[in-house]
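Structure first, then comments.
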Amino acid sequence: MPAPVPPTAFAQPSGPATQLVLGSMQRAPEYQALLTSLKSAAPPSSSVQGEMVDRILDNATTLPPPPLTIHLVLPLPLPSNLLSAIPPSTQIFIHIPADSESQLGALHSALASHSFTPVLPTPSPSTLAYTSPSAPSLPAVASEPSPAPSSSTPVTLSGARPLQLRRNGDKARKAALWAIDSPLIPDGGKSLLTPADRTRPDCVFPAENGKPVKRRRACKDCTCGLKELEQEEEAQTSAAVQEAQKAFFLEGDDDIPENLKKATEGMEGIWPADKRAEAKKTSSCGSCYLGDAFRCSSCPYLGLPPFKPGEQVQVSIGDDI
């Protein structure tokens with residue numbers, strides 16, 4: 001460990017200022033010795049504080065407000081973000097550890113890249129004195145020389161950067177980003193659909209607590225498509241009823257099942273005898289009881305003359321072939 005530097009070797013701040021000693025666990029004995037010597041030699045108007053550098057870098061605490069003098073008792077190389085955190089126009093004293101002469105060149109380069117100014121003469125061979133720039137600056141980075149400003153190019157102030165507007169990217173990339181179809185599938189994935197995927201789901205409400213749920217009817221000004229579904233179902237039901245009504249029944253209860261003897265209105269069937277007189281005789285073609293011949297293609301009596309209700313009709317075997 002190098003010989004301690006007496007506190008009188010450092011330039012004492014003129015006026016009420018704070019001296020901050022930043023140390024680390026690697027150099028804890030030197031940190032404690034320097035902090036004790038500075039406190040013993042500090043004037044009453046000056047304040048001496050000690051802090052570990054990792055608390056400053058982790059934002060666990062902040063540096064005291066200027067005017068400020070900082071003593072760095074740290075191993076080399078210094079943390080890269082420490083020099084950027086030092087306030088402007090602040091004098092720092094870097095206490096060089098022993099056996100670190102090979103790293104002094106990199107230390108001077110790092111300080112110069114952050115625009116730190118050396119203070120000569122140095123307090124001692126093991127201590128370097130520098131002053132931070134008056135305005136915070138970024139590390140110098142080599143770049144191409146900018147063209148000379150012309151009449152149409154505004155001159156920017158020091159430290160200011162012109163606003164760079166983002167240009168529109170490739171339109172094809174934007175279209176591919178929002179595309180629904182994949183370019184890897186020629187038909188956009190339609191070939192992957194099964195017939196079950198293409199089937200429209202039935203509008204069926206499940207039972208709730210064992211009770212059927214009433215179906216919701218479409219509004220008068222429906223726009224959700226429920227009205228169209230209801231119209232389609234009504235058309236299918238009406239077509240099924242019309243298909244069922246095409247059946248033509250003759251009077252006579254020989255081959256008619258019992259459940260069809262009480263046919264509803266609109267279908268010709270076998271009614272009870274007490275209601276036959278009141279029943280309105282109808283048929284699918286509407287001509288069987290109008291004195292016209294049988295002309296329906298599906299009628300088994302096609303081509304025969306008309307008969308009266310209740311008349312026994314006899315069909316020969318030749319007519320049935």
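Glycine residues also receive a Cβ, built from the backbone N, Cα and C atoms like all the rest.
Among the residue ranges 164-167, 220-223, 296-299, 316-319, the one that Swiss-Prot annotates as motif 'Cx2C motif 2' is 296-299. For CYS299 ([4Fe-4S] cluster binding site) paired with CYS222 ([2Fe-2S] cluster binding site), the C-alpha to C-alpha distance reads 45 Å.
In this structure, CYS219 is the one among the binding-site residues CYS219, CYS222 with the smallest number of other Cβ atoms inside 10 Å of its Cβ. For CYS219 ([2Fe-2S] cluster binding site) paired with CYS296 ([4Fe-4S] cluster binding site), the C-alpha to C-alpha distance reads 43 Å.
Across all of the region 'Linker' (162-199), the predicted model scores a mean pLDDT of 72. Taking only the Cα positions, the spacing between CYS224 ([2Fe-2S] cluster binding site) and CYS296 ([4Fe-4S] cluster binding site) is 44 angstrom.
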